[in-house]
Amino acid sequence: MPAIKIKDNIFSVGVLNPSLRIFDIIMKTEYGTSYNAYLIKGKKNVLIDTVHGRFFDEYLENIKSVIDPSSIDYVIMNHCEPDHSGSLARLYEVAPQIKVIASNAGKIYLKNITNKETLDVKAVKTNDTLDIGNGKVLKFAIAPFLHWPDSMFTILEEDKIAFTCDFLGCHFCEPRMFDTKITYMPKYEKSFKEYYDAIFSPFKPYVVKGLDILDALDLDFIATSHGPILTREGLLAASKQKYRDLSSEIQSTTKYIPIFYCSAYGNTEILANEIASGIKSVLNDANIEMLDIINYDYSDLKEKINICDAFMLGTPTINKDALFPIWELIGGIDAVNCKNKPASAFGSFGWSGEAIPFVISRLKELKLKVFQDGFTCLFVPSEDDIKKAFKFGEDFAKSI
């Protein structure tokens, strides 16, 4: 992708990666992505962010098509994740005169990301400014946990543009770089929501704070680090509202308690039903959802476990362990926002019964509010086991 002019003396110099299908191990990217970076020309020339290290050569050529790299004065690192900072060390080798600007956390991170002891990095704070001449003054706003502790926004009020790095971005490879030129809008909208879910949903209070910063500005453009640039005539307002809607806490007087389970021969399922009945006997108005997880899409289960008020996990023990679908679901728990959420586990076993102790241990490591040590029975639940399972559900409900 060649350099693209956004406004007079402001250019997109990032690169496309249309073949990317998995990002950061955790996220599918069906439509590829872009690593966006920006160049502002003034009396001082400024780069905003770099790109993934594998794409440095293309990135450098895009810069060269606008200015000589030796004339770059500053590189602003809004966020130091390697897909944005990965080319900084090599850029420094080509342009050793550069001065880097980052948040205080970013300054610390860059030392160990670049391993360049002589790299000049200055930390800024909210409302600090950088006058680059020609009537352009960059203003900084620290925006922690959007989505790293180092994140910040760079704002050019004179040109009504905010550079927000990952915030409001999307893994969507649009070569024409503007939201008004998106060809497959439903696919973009799907990717936009998936990006929020994977990257920003753990940080909803910080998302709201970031939106408040942007809402106080008169903006024609929001230039993100992935996906098309958001424009006033395009999706800028709608994208902000979508993030605000997704980050608003849903108030409900009805507790949502899903029971996730898998059951090889129906014995763990029997326990699941009795525990549910026990919970219902105490919390009559609770929404208790029974979920045999092999029949559901993982992304749906992940959303449920993270939005619920409390949950139970049921698994038999097979080959001295819990079953993979349960471990996969546990891997989807948002440890940031699920801290102290009531949870427990149950299951039938036939030989050694390690599954439930393992699951309980992991839930404790995630800092959930774990009820007792779970509940188990040997093979087929007896009448006494069924009564105890019901009581376990009752007691769990009382603990919520």
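All residue numbers here begin at 1 and follow the chain in the order shown.
Cβ from N, Cα, C; glycine included.
On a predicted model such as this, the values are computed, not experimentally measured, just so you know.
Per Swiss-Prot, the Fe cation 2 site holds D166, H226; the candidate it also names there, chosen from D73, D83, D321, is D83. E81 (Fe cation 1 binding site) and E365 (FMN binding site) are 26 Å apart (CA-CA, integer value). Reduced to three states, the DSSP call for I360 (FMN binding site) is helix. Annotation for E81 (Fe cation 1 binding site): same-chain Cβ neighbours under 8 Å, separated by at least 6 residues, are W148, D166.
In this structure the alpha carbons, written CA, of A345 (FMN binding site) and H226 (Fe cation 2 binding site) are 39 Å apart.
V370 (FMN binding site) has H147 as its nearest neighbour among the binding-site residues H79, D83, H147, H226, going by CA to CA distance. S263 (FMN binding site) falls outside any helix or strand according to DSSP and counts as coil.
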